Amino acid sequence: MEKDADGFYTPVAPDAASQAGDRLPAPNADLIKSTFEVTVTLADQQGDPNSPLFSAKTFEELGLHQDLLRGIYDMGFSKPSKIQERALPLLLANPPTNMIGQSQSGTGKTAAFVLTMLSRIDFTKNTTQALCLAPSRELARQIMSVVVSMGKFTQVQTEYAIKDNHARGSGPITAHIVVGTPGTMTDLMRKRIIDVADLKVFVLDEADNMLDQDGLGDQTLRVKNMLPRDHPVQILLFSATFPDHVRSFASKFAPGSNKIELQKEELSVTGIRQFYMDCKNEEHKYDILVRLYALLTIGQSIIFCQHKHTADRISARMTAEGHKVASLHGAKDPAERDAIIDNFRDGKEKVLITTNVIARGIDILQVNMVVNYDLPLMYERSSGSSGEGGHFDKPDIETYIHRIGRTGRFGRRGISINFVHDKKTWLQMEQIEKITGRKIMRIETNDVDEMEEKMKEALK
Ligand SMILES: Nc1ncnc2c1ncn2[C@@H]1O[C@H](COP(=O)(O)OP(=O)(O)OP(=O)(O)O)[C@@H](O)[C@H]1O
């Protein structure tokens, strides 16, 4: 079969809150009352998408199986969030329709697609019927924990497609739902360890990243091109961001989709107060981070660096100086990565120094502070004739939105602090401020009391 210019084959139709500090921000907002508006575009252009018929105020009215409703309530959810209210009626309708769903970080996208996967499984068959891909093993493991919690009262069987999880020679996977990262998923499908003949739902979480040609696009497309072509598979793409350059590819990847979109100026939630600190130079950034330590441990915090070696360097230095911090990045081995994120999730570590590996999706409610030790930058290829080389000069707006979205989850308050240390980084931050339309306030670096005051105020 021929592939087209975009590499497609014929398109297929349609916590554990824990022992963290005692001054945590309370979930102070009911998301159902949230002010952000979404635009709903229906695939078949039939009906008024703003009619109440297309939204669900309660989980009961979705016609879910009793076992799934029990799972939802057991997780402590009482009402659908805004994205769930708008997306679930469309996701669960028959015949199944593809969906491109966008809503801000921490607003409940996971539950929307997990419920869809669970509600479409035929539990009388021991075959794989839903696949879900995520950009990191940490996120795949988190999604799996939602599948397991929500499916607690069903007979759902699950399996991972992440590195080092499926022992060599352990035989075919027959689990109903497989969650993983694209490289391992491709590998297991190629070796026919995963058989997708009965597949009904295919989900991409963090879909803009999963489809980006500079990201995981090629690997994701390989998985897509191995899906069955003799029956429709419902394709669901979810993210808080869908930059213009992936939007049209996304529409081709999930043809005939219903779409839920955010306005550009509403990409990040209002509960996150954003600050910056003027540092004198790289070394001063380190000094400031150390001075912030007491504040970082009020709740939990994530410090983002551009490079693995920076994360390792500052965590080693802080540890040597008697501070308790952990570092996590993609060069660590899988078992170590799992232990580090699990300890952080359980509140055993309060400060996590990391890279973009956990910039997306990670949901740890106790995280009330995010520090951009380095601003997120995008790799730009040189326009020269050789096409070789490139540079990191432009701010990566999407990654910024996802990074700060690790705090302020589901209506909670959180703060983010950017370290700027020269003209270039200042201009990059100015660009972020302009594009996201959200004010970034200055905090004085040599006045610790003011620093503490402003932060406590922001978390109230
Ligand atoms: N209806 C609900 N009622 C109460 N809590 C909910 C509800 N839906 C989701 N949550 C909680 O909200 C938090 C954020 O949800 P989730 O991780 O799905 O956000 P997200 O939209 O996928 O964010 P991101 O864009 O960062 O991936 C989770 O802790 C989840 O348990």
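Placement of Cβ uses the backbone N, Cα and C atoms for every residue, glycine included.
Bear in mind that TrEMBL entries carry predicted annotations, made automatically and left uncurated.
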57-85, 376-404, 405-433 - the range that TrEMBL marks as motif 'Q motif': 57-85
Region 'Disordered' according to TrEMBL, located in which of 1-24, 121-144, 145-168: 1-24
Helix, strand and coil residues within the domain 'DEAD-box RNA helicase Q' (57-85) as assigned by DSSP: 16 helix, 0 strand, 13 coil
Model confidence over the domain 'Helicase ATP-binding' (90-260) (mean pLDDT, whole number): 95
